[in-house]
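**Student:** The structure is given below, and queries will be raised subsequently.
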Amino acid sequence: MKGDKPEEPGPGPEPSGPPPPTEEEEALLEFHRSYRELFEFFCNNTTIHGAIRLVCSQHNRMKTVFWAVLWLCTFGMMYWQFGQLFGEYFSYPVSLNINLNSDKLVFPAVSICTLNPYRYKEIQEELEELDRITEQTLFDLYKYNSSKTLVAHARSRRDLREPLPHPLQRLPVPAPPHAARGVRRAGSSMRDNNPQVNRKDWKIGFQLCNQNKSDCFYQTYSSGVDAVREWYRFHYINILSRRRQDTSPSLEEDVLGKFIFTCRFNQDSCNEANYSHFHHPMYGNCYTFNDKNSSNLWMSSMPGVNNGLSLTLRTEQNDFIPLLSTVTGARVMVHERDEPAFMDDAGFNLRPGVETSISMSKEAVDRLGGDYGDCTKNGSEVPVENLYNTKYTQQVCIHSCFQESMIKECGCAYIFYPRPDGVEFCDYRKHNSWGYCYYKLQDAFSSDRLGCFTKCRKPCSVTIYKLSASYSQWPSATSQDWVFQMLSRQNNYTIKNKRDGVAKLNIFFKELNYKSNSESPSVTMVTLLSNLGSQWSLWFGSSVLSVVEMAELIIDLLVITFLMLLRRFRSRYWSPGRGGKGTQEVASTPAASLPSSFCPHPAFFSSSPPDPAISPALSAPPPAYATLGPHPAPSGLAEASTSAHAPGEP
C-alpha cells in the first residue's frame with residue numbers, strides 16, 4: 001500500500017540469465033531436413049496454380065499421379081512456348097514502317113553525256129592506225145567497203161606505222177554430229193541468239209596471251225558487230241590511256257554551249273555555278289547539274305513540268321566515232337548529290353527529235369544493321385578502299401573492289417575506274433598482257449569469284465528516285481522552222497539535220513509527297529518479356545513472384561543436396577572410429593571433449609569420506625560403451641580380481 005516501506009529483498013539465489021534458445025525457435029538461416037519436407041512446404045505455400053493438388057490428394061495415389069503428370073505436361077508446354085519465343089527473338093525479325101511525308105524536296109543531281117567519245121579532231125592521229133586495220137578487217141570478213149568514209153580519206157593521207165597487236169580473226173567452230181546439232185543450239189552457252197553473217201558456223205575474236213606466251217585464249221563473239229566493237233574498244237582504251245596520263249587542257253575542257261543550247265530550273269536560267277564537268281571514256285563530255293559542289297542548292301516547292309530542270313540538247317553525230325559509238329542522242333542519269341554518276345549502270349538514252357519528260361517520285365529507305373540486317377552505315381567496316389572519295393554506295397564499293405583486284409593481278413588500273421596514286425592506266429605498250437589478265441578477271445568478277453558482291457554490303461540509308469518517262473515529237477512540224485531559227489541565231493551554230501540535231505529533256509517531281517520505308521525490330525526485349533509473362537500466366541496463372549518461388553525451390557534443392565553429400569562424406573571419411581567398424585567411437589573420444597556435467601567432481605578424488613547425501617550414481621561418470629563388450633584385461637588387474645573373489649565363487 002501507499003506509504004508502506006518497500007520490502008527489502010531477502011537473501012536468496014541470484015537471478016539467472018536468459019534461458020538458452022530451444023530447438024523449436026527459428027534460426028536466422030535454416031533449411032529443410034529432407035526433400036519430402038521441402039516439397040510439401042513448397043506445394044502448401046506456393047502461388048503457382050495446381051501445385052497444392054499434389055499434396056491435398058496424397059491419400060489418393062491415382063489423383064496424385066494425375067496431377068503430377070498434368071503439372072509436368074503443363075510445365076513442359078510452357079517451356080516449349082518459351083523456346084519458340086526465344087527463337088523468334090534471336091532470329092531478329094524486322095517490321096517495315098511506311099510513312100507518307102509532304103515537304104519541299106531537294107532536287108537530285110542530274111548527269112547528262114553527249115554519247116560522243118572524244119572527237120576526231122582531238123585524237124585523229126592516234127585513231128588512224130586503228131581505223132585502217134578495222135577497215136581492212138571489215139572488208140576481209142564482211143566485204144564492207146568504206147571508201148566513202150572519213151577513214152578512207154585519212155588512209156590516203158599517209159602511210160601508217162606497224163600493225164596493231166591482237167588482230168581480229170575469224171575462227172571456225174567444229175561442226176557437231178547432225179543428230180546433236182539441234183541439241184547444241186538449244187543448250188549451248190554460246191551467244192547463238194545474236195545475228196550471224198551468212199549463218200556460217202564460225203566465231204569472230206582476237207587472241208590474248210599471258211606475259212611469257214605460255215597460256216593463250218581467244219576472246220570470241222558469235223556476232224560480228226559485237227566482236228568489232230569490242231576489239232575496237234579494247235584498242236581505243238589503250239590509246240585513251242596514253243592520253244589520259246598526259247592530258248592537254250583542250251581535251252579536258254569543253255564549252256557547255258556546244259552541247260546544251262538552253263538550260264532552265266524553276267523558270268530561271270542556269271549558270272556555270274550550277275554544273276560540273278567530267279569525261280567518260282565511252283560517253284565523252286558529261287555535265288552534272290546540282291551536285292555537291294554547286295554553289296546553289298536546288299529546291300522544289302511545286303510539282304510539275306514547269307518547276308524542274310529543262311534542257312535543250314544538241315545531238316548531231318557528224319563528228320562521232322562510228323566504230324565505237326553506234327547510237328545517237330544523249331545519256332542521262334538521276335542520282336543523289338553526293339554520289340558519283342555511273343552512266344553504264346543506271347543511265348538511259350534520249351532520242352533525237354523527241355521531247356522526253358521524266359517525272360520523279362522520291363522514296364527513302366532506312367534499314368537496320370547489326371544483328372537485324374547485312375548493311376553498313378558509312379562503309380567503314382567494309383574491307384574495300386573507296387577510290388571515289390565520295391559517299392559510300394554499293395556500286396562505289398563494287399567498282400573499287402574490281403579496280404583493287406585489277407591492280408593486284410594485272411599491275412595496272414582499268415581506265416573506267418579511278419586509280420590510286422602512283423598507278424598507271426593499262427596500256428599494252430607498257431603492260432603487254434593486261435588484256436589477257438583483264439578478261440580473265442572480268443569473268444571471275446561476273447561469277448563473283450572475286451568476292452566483291454559479298455564484301456560490298458548495302459548501305460543502311462538509301463534515297464531512290466523512281467522515274468517514269470513520256471515522249472512526244474519535238475519540235476512539231478508547224479513550229480520547227482522558227483524554233484531551229486532561234487536556236488541557230490542564239491548559239492551561233494547551224495543545225496544541219498534539224499530533226500536529228502536536237503532533243504529536249506524535262507525532269508521534275510510529279511508530286512511533293514515522298515514515301516519513307518524504315519525498319520524497326522519486330523520483337524524487342526520488352527515484347528519478349530511481355531510474351532513470356534503471358535505464357536507463364538496462361539499455363540500457371542502466376543506472376544513474377546512465382547518465378548522467384550521457383551528459383552527459391554531450386555536453390556533449396558541444391559543446398560539440401562550439398563548438405564546431405566557433405567554429411568555422408570564426413571561420416572565416411574572423418575569418423576574417429578572408422579578403423580574398428582564404429583565400435584570405438586565413444587571409447588576413443590578424449591575426456592576433454594566430454595561435457596562438464598559428465599566429469600567427476602573434484603571432491604570425488606579427495607581423502608575425506610564421501611558425502612552420503614550424494615548418490616554415487618549421480619557423481620560417477622558414465623561408463624564407456626566400449627567397455628561393456630568383452631575384451632581381455634591386463635594381467636595385473638586379472639590377478640587382483642582373482643584374489644579378491646571368495647573361495648568357491650565362480
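Positions of Cβ are set from backbone N, Cα and C atoms, glycine also.
In case it helps, Swiss-Prot gives these features for our protein:
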- Cys113-Cys286: disulfide bond (DISULFID)
- Cys209-Cys216: disulfide bond (DISULFID)
- Cys263-Cys270: disulfide bond (DISULFID)
- Cys375-Cys460: disulfide bond (DISULFID)
- Cys397-Cys437: disulfide bond (DISULFID)
- Cys397-Cys456: disulfide bond (DISULFID)
- Cys401-Cys452: disulfide bond (DISULFID)
- Cys410-Cys460: disulfide bond (DISULFID)
- Cys410-Cys437: disulfide bond (DISULFID)
- Cys412-Cys426: disulfide bond (DISULFID)
- Asn145: N-linked glycosylation site (CARBOHYD)
- 1-25: region 'Disordered' (REGION)
- 165-194: region 'Disordered' (REGION)
- 614-650: region 'Disordered' (REGION)
- 621-625: motif 'PY motif' (MOTIF)
- 1-65: topological domain 'Cytoplasmic' (TOPO_DOM)
- 87-543: topological domain 'Extracellular' (TOPO_DOM)
- 565-650: topological domain 'Cytoplasmic' (TOPO_DOM)
**Student:** What are the non-local neighbours of Cys460 (disulfide bond), defined as same-chain residues 6+ apart in sequence with CB under 8 A from its CB?
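**Tutor:** Once residues fewer than 6 apart are set aside, Cys460 (disulfide bond) is near Asp366, Arg367, Leu368, Gly369, Gly373, Cys375, Thr376, Lys377.
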**Student:** Could you check which of these disulfide-bonded residues, Cys412, Cys437, Cys452, sit within 10 Å of Cys209 (disulfide bond), going Cα to Cα?
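**Tutor:** Neighbours among disulfide-bonded residues, in sequence order: Cys437.
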**Student:** Cα within 10 Å of Cys456 (disulfide bond) is the criterion; apply it to the disulfide-bonded residues Cys216, Cys263, Cys397, Cys401, Cys426, Cys437 and give the hits in sequence order.
**Tutor:** Cys397, Cys401
**Student:** For the residue listed as 'N-linked glycosylation site', which of the three DSSP-derived states applies: helix, strand, or coil?
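**Tutor:** In three-state terms, the residue listed as 'N-linked glycosylation site' counts as coil.
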**Student:** Check the DSSP secondary structure of Cys410 (disulfide bond), expressed as helix, strand or coil.
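**Tutor:** DSSP assigns Cys410 (disulfide bond) to helix.
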**Student:** C-alpha of Cys113 (disulfide bond) to C-alpha of Cys452 (disulfide bond): distance in Å?
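**Tutor:** Cα of Cys113 (disulfide bond) to Cα of Cys452 (disulfide bond) measures 28 Å after rounding.
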**Student:** With Cβ-Cβ distance below 8 Å and at least 6 positions apart along the chain, what are the contacts of Cys437 (disulfide bond)? List them in sequence order.
**Tutor:** Asn210, Met406, Glu409, Cys410
**Student:** According to DSSP, which kind of secondary structure is Cys270 (disulfide bond) found in, if we only use helix, strand and coil?
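**Tutor:** Where Cys270 (disulfide bond) sits, the three-state DSSP reduction gives coil.
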**Student:** Could you check which of the recorded positions (Asn145, Cys216, Cys397, Cys401, Cys452) sits closest to Cys263 (disulfide bond), going Cα to Cα?
**Tutor:** Cys397
**Student:** For the disulfide-bonded residues listed here (Cys209, Cys397, Cys401, Cys456), which one has the lowest count of neighbouring CB atoms within 10 Å of its own CB?
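**Tutor:** Lowest Cβ count within 10 Å among the disulfide-bonded residues (Cys209, Cys397, Cys401, Cys456) is Cys209.
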**Student:** Counting distance between Cα atoms, which of the disulfide-bonded residues Cys270, Cys397, Cys412 is nearest Cys286 (disulfide bond)?
**Tutor:** Cys270
**Student:** Among Cys113, Cys216, Cys263, Cys410, Cys412, all listed as disulfide-bonded residues, which has the most CB atoms within 10 Å of its CB?
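**Tutor:** Result of the Cβ crowding comparison: Cys113.
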**Student:** Relative to the Cα of Cys452 (disulfide bond), which of the recorded positions Asn145, Cys397, Cys412, Cys426 has the closest Cα?
**Tutor:** Cys397
